[in-house]
């Protein structure tokens with residue numbers, strides 16, 4: 001177990017994820033003020049932005065101090081439940097600094113698990129219910145989504161293994177639906193891993209348009225490739241290992257580049273993609289990859305492309321040709337999803353994993369002050385590059401599963417200050433969604449207590465002429 005001895009008297013007591021937790025009056029009042037309220041302990045540098053009539057910030061600086069905690073793991077907390085899953089003191093400090101209510105982490109047993117049924121299998125709901133041995137409750141505000149009891153595991157089920165269902169939180173599905181993807185759209189998923197949103201976008205496009213998935217982590221993008229193949233939905237999709245802050249490959253819209261030039265006749269063309277490669281081919285690709293990654297600015301690695309993604313038949317110079325500054329305005333993506341890297345504090349299930357991973361891992365991967373400072377800049381750069389690749393009149397959705405203001409509203413405010421052609425849009429399909437308004441008009445927030453989902457922030461942005 002995490003705690004092997006009685007904590008010293010100076011230590012704060014322990015919270016737990018259990019449903020029957022006794023929540024303090026103070027926490028209940030804080031929840032009613034909204035989970036992501038501002039924190040007085042954030043230091044912000046205000047910059048007046050007349051063009052957007054917003055007070056823009058250069059980012060929040062977290063100050064975290066673990067007090068009265070003698071355990072090496074930081075096991076201090078604010079109150080007692082039954083002690084099955086303690087929240088470490090450093091995480092409680094993080095929540096306090098960000099104006100967040102720790103009681104949301106006691107809701108794990110009351111929040112359902114969500115699945116998305118592949119459209120062609122919705123007629124087989126009864127069969128899926130029999131196999132999972134539970135009732136599938138239709139999510140009336142989100143097409144093809146169903147809720148199941150939180151203890152149900154789907155990974156070993158035949159329905160999951162045969163590609164009939166996906167595990168995906170309803171809030172994540174809402175972010176994808178907010179894009180309003182239409183047949184024929186060219187769509188960019190700039191932070192594609194682990195792949196649930198990517199697959200939903202594929203299902204929405206069908207065999208029309210194109211979908212480009214990008215992620216900086218090759219092994220995570222390889223998992224996305226596996227999902228596309230498992231569900232047989234990658235026909236119009238291509239996957240690139242690349243830094244989303246600098247990715248610059250436009251959707252394929254014509255036979256040659258917009259400058260009208262033809263590739264060299266001698267250039268090798270991309271053949272139809274296949275998994276079946278000889279050891280010699282794999283060795284050659286690995287060496288080429290190592291050489292590419294050793295460069296100061298490595299080019300994107302094409303990890304997968306479907307038959308109708310527009311890649312087969314192209315040369316490398318066509319696919320990776322430099323683009324002109326104003327070219328995306330006319331030849332960019334119709335829709336862009338930026339589900340940015342964040343601290344994941346809005347996902348109860350993600351925080352639960354740190355009990356087995358180790359709370360020190362939480363400290364290193366989530367709470368490290370230097371990392372949280374860097375996150376603001378990373379999120380802003382991802383959003384900025386996604387918007388750069390967006391076609392004029394196109395739509396971008398920015399989302400994170402953090403509940404903090406610094407990773408959401410602060411990022412959006414700063415971005416609007418720097419981009420006068422960006423305009424926030426209403427999410428028209430959200431009329432019946434169980435969410436709250438964000439701290440900026442037209443933005444939305446899902447949270448565990450209000451929405452019965454994971455936490456998620458959504459902002460919808462269009463590019464003006």
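Keep in mind that glycine also has a Cβ here, set from the backbone N, Cα and C atoms.
Just so you know, TrEMBL annotations never went through curation; they're auto-generated.
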Can you dig out which of the ranges 153-173, 258-278, 279-299 TrEMBL describes as region 'Disordered'? 279-299
Return only the integer: C-alpha distance in Å from residue 243 (S-adenosyl-L-methionine binding site) to residue 401 (active site, nucleophile). 20
Taking just the CA atoms, what is the gap between residue 215 (S-adenosyl-L-methionine binding site) and residue 401 (active site, nucleophile) in Å? 17
For the binding-site residues 215, 243, 339, which one has its C-beta crowded by the most other C-beta atoms within 10 angstroms? 215
Neighbour tally for residue 401 (active site, nucleophile), based on other Cβ positions within 10 Å of its Cβ: 24
How big is the gap, in Å, between the Cα of residue 339 (S-adenosyl-L-methionine binding site) and that of residue 401 (active site, nucleophile), rounded to a whole number? 8
Excluding 215, 243, 339, please set out which residues of the same chain place their CB within 8 Å of the center of the CB atoms of the S-adenosyl-L-methionine site, keeping sequence order. 190, 191, 192, 193, 214, 216, 217, 242, 244, 341, 382
On the 0 to 100 scale, where does the mean pLDDT of the domain 'SAM-dependent MTase RsmB/NOP-type' (100-464) fall? 91
